[in-house]
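Now, the feature entries from TrEMBL:
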DOMAIN    14-206  domain 'Tubulin/FtsZ GTPase'
BINDING   Gly22, Ala23, Gly24, Gly25, Asn26, Gly109, Thr110, Gly111, Glu140, Arg144, Asp188  GTP binding site
DOMAIN    208-325  domain 'Tubulin/FtsZ 2-layer sandwich'
COMPBIAS  370-412  compositional bias 'Low complexity'
REGION    370-434  region 'Disordered'
COMPBIAS  413-422  compositional bias 'Acidic residues'
Amino acid sequence: MSENQEHTLNSSTVIKVVGVGGAGGNAVNRMIGDGLTNVEFVAINTDDKDLARSEADVKISLADDTSRGLGAGADPERGAKAAQDHQSDIEQALKGSDLVFITAGEGGGTGTGASPIVARAAREQGALTVAVVSRPFSFEGRRRSASAEQGIEKLRGEVDALIVISNDRLLDISDRTISMIDAFHNADQALLAGVKGITEILDANAYINVDFADVTSVLKDSGTAIFGMGRSRGQDRAVQAMELAMSSPMLDGEIKGANGVLVTFFGAQDMGLFEMSSAMDLIHDIAHPDANIIWGSALDDSLGDDMAITVIATGFGFNEDSEEAGQQTNELLTSVAVQSAAQAVQAQMDQAPAVVQAAPAAQLSQPVQSAQPVQAAQPDASQSQQTQAAPVAAPAAQPVSAALPQVAPQAPAEDDDDEGYSFDDMMQIPEFLR
C-alpha cells in the first residue's frame, strides 16, 4: 500500500467518542480541551443542566417524564430505560461510524445503565466498539461499587473491547495531598489516554501509522482489554518506558499471554528505530508466541528528550494453546491433589499410636512382624496365630476433594521492587497527550 493510499484510508475512517452520563461528559470535555482531533464528540445525559455544559458536537438529552432532565438518580435501570426511549436519536448520532469509543464512569445511573444500550446500537451499525470506563473510588461506597461491577459486566457483552481503569489505582500513585478535583481530573486524563493511544496511530499524519483494519484485528471481539502507559528519558528511555507501561499500576491484569497488543510510541523527531525495536522485544517476550502485535508512533515535540508509550493488550485465554494449557493445568492440579491426599493419609498413619495386646510369655519369643502402613498385604494364617500385635488401622480412603481443603492456598508474593511511582512520573498526560 502506498503512502498516499494509506493516507486516504486513514483520513476516511469515521471515529466518534461518546460520553455517557456525568463522568463521560466530563471526560469528553477534557478530550476536547486537550486537543484530541479527527474525531466527532457526542454527549448523552439524563441531566440537562450537565448536558448544557458539554462542548460536544452532538448532544442527546435522555430526559423523560420521570427524570424531567434532572438525572437518573443513581439508578441504572432508569438510565437504561431512558436510553431505550431515545434509541432512534442514539442510532442517528452514531450513523456512519467506523470506530466508536464509549466513555463513562461506572456506578452512577446514566453512565452505568445507558452505556450498554449505546454500545449495542453502535455494534448493530457495524462499528468497531470500544468502551473505556472508570471503576469508582472505594470511598464512594459499596453500593456504588456493586452497581459499577454489574454495569461493567453488562457492558462487556455489548462491546468489542472493554478497558476498565480503576480510580483507586490512580489514587494510589497520586500525592496524598491531592484534592478531590485533581483526583477526578486524573481519572478523566486516564480515559483520555486510553482513547488517544488508539486514535493517534490511526491519524494519517502520525510518524508511523497503521490502518483501521490492523486496529480492528486486535480489538474486534476481543473482550477484556488492559491498558498501561509509561514515560522515561535517557539512553534506555524506550525500554524503561515500556517496562513502566507493562507494570503500570493502571493495568487491571497482566499482559502475559495476550493474543493481541497495540503499542503507540510518543516522542520528538529523534525517536530511533533501534530503541523502539528494543522496547518491542519486551512485548514479544511476554505476549503469546503467535500474538497479533501492532505498533505505531506519533510525533510530539513537547516531550523534549522524553519518550512515552501506551500499551493496550487483548485476547486472554481464547485460543487452542490456552485450552491445551488449561487441560494440562487441570491434570497437574489433579496430580497434586492425589499426592496431597496420599501424604495426608500417610501422615495420619505415622502419627497413629500402635496398640499392642500383651502376649503370653511363650509367645514373646516369637518375632513380631513390623507394621507396613503403605502395603496392604495381609499376613498368612500361621503368622496371625503366632503374633497378637494388632495392625495399625489405616484411615478410610478419602476422595480427592476431601483432601483438598487440607492444602492451604498460597497467597501471591508481593513485589518488593514496587517503587510506588507517583502520578506525575507515571502519566504526565497533560504534557505529552495534548
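The count begins at 1 with the first shown residue.
Cβ atoms are placed via backbone N, Cα and C, with glycine included.
This view paints the features noted in TrEMBL onto the structure.
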residue: Gly22; record: GTP binding site; DSSP class: helix
residue: Thr110; record: GTP binding site; DSSP class: helix
residue: Glu140; record: GTP binding site; DSSP class: helix
residue: Asp188; record: GTP binding site; DSSP class: helix
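Candidate binding-site residues: Glu140, Asp188. Fewest other C-beta atoms within 10 angstroms, Glu140. Within the set Gly22, Ala23, Gly24, Gly25, Asn26, Gly109, Thr110, Gly111, Glu140, Arg144, Asp188 that the record links to GTP, no two Cα atoms are more than 19 Å apart, and one pair reaches that distance. Here the binding-site residues are Asn26, Thr110; the one with the fewest Cβ atoms within 10 Å of its Cβ is Asn26. Cβ neighbours within 10 Å of Gly22 (GTP binding site), excluding its own Cβ and spanning all shown chains: 22. The residues of the domain 'Tubulin/FtsZ 2-layer sandwich' (208-325), classed with DSSP into helix (H, G, I), strand (E, B) and coil, number 41 helix, 35 strand, 42 coil.
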